[in-house]
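Everything on this sheet refers to the single structure shown next.
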Amino acid sequence: EPTTNMTSRRASFVESTANGFHQLAPPISVKLIVLSLCWYWSSAVSNTLTKSILNAFPYPVTLTVLQFAFVVFWAVTISSLTRSKFPGVDRFVPQAHTGITRPTKQIVLTVAPMAVFQLSGHIFSHIATSRIPVTVVHTIKGLSPLFTVIAYRFLFGVHYSIYTYISLIPLTLGVMLACSFEFHGHLLGVLSALFAAIIFVSQNMFSKKLLTNSPTSDMEPKKKLDKINLLCYCSGLAFIFTSPLWFYYEGAGLLREYIATGTLPILAEDIEKAMPIRTLMILFFLNGTVHFGQNFLAFQILGLVSPVTYSIASLFKRVFVIIVAIIWFGQELTSLQNWGIGLTFVGLYMYDR
């Protein structure tokens, strides 16, 4: 009998271990894997192009406005192609078969707060990217789980397990080590990345609350915004809200410079980073297009999987972006920063589990 009990316990242990490993593995889907890889690459290319543009053209608000404009342009274009039954488009974008919904007061009031989050988050993110490496920006953004837990705990009284709080320890330490460079000239970049992370966490909380509410009488279920419409209106309003800021801080000076000299100030004093205007325009187009693809793919993946699986996919996306940025820019990190980035990855994975 003791031998039988021991065998039974051993079999139970093996089974529970196998179940544990099975739970750690994300669900395998060819469609999900392909979409995720495309999402990772579009995010990596978007971030590296953003850094390349801001190195040569340090005007983050200008880049923000152009990205919003490109999102609107591609949303309207794809929606029009889908509505006109252009061959093959409706298979990739089945949500946009009705075209862009006519604007109403209810739509504007619903999407406006998300647009404010978008413009402020993008501006701070671009300021950070223009001043510190992409790797450090995304490592700092890795603190999003910490801000999420703090917000839900103190604002909404949500209680988490002890394991959640433990996972925040390597996450926080990792970001601190990753930022262990000389802060002279970098403080604004670090603070901007922190503000961007906090803003995007607030946006996610607001969006989740907004999108899970039942439709109001002014917006019937059949008229509920699809993903293309949501992207279009959110970016369109963000473009409108950001335009006055752009003109005040950057636009007026750029226009005066162009009228006076017939060219744009592209860091003429830094020959290594300077680039022809034609090259810059091409990078703007590529960046705006890839930025739209990144946002659209994120919506597509979120519609296919649970929030937990999506958060795991987001974790690997951040790792992918950091690795690509290190290779793209040939960035040299100190051993302390390498340990910090590694700890951040461990903390993010523990948090997602």
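Glycine too: its Cβ is placed from the backbone N, Cα and C atoms.
Residues annotated as transmembrane segment in TrEMBL: 21-42, 57-76, 162-181, 187-207, 228-249, 280-305, 312-330. The domain 'Sugar phosphate transporter' annotation in TrEMBL covers 31-351.
Tertiary neighbourhood of the transmembrane segment (280-305): same-chain residues 27, 29, 31-32, 35-36, 38-39, 42-43, 45-46, 49-50, 52-53, 56-57, 63, 66-67, 69-71, 73-75, 227-228, 230-231, 264, 266, 313, selected by CB-CB distance under 8 Å and a gap of 6+ residues from either end. Averaged over the domain 'Sugar phosphate transporter' (31-351), the predicted model reaches a pLDDT of 78.
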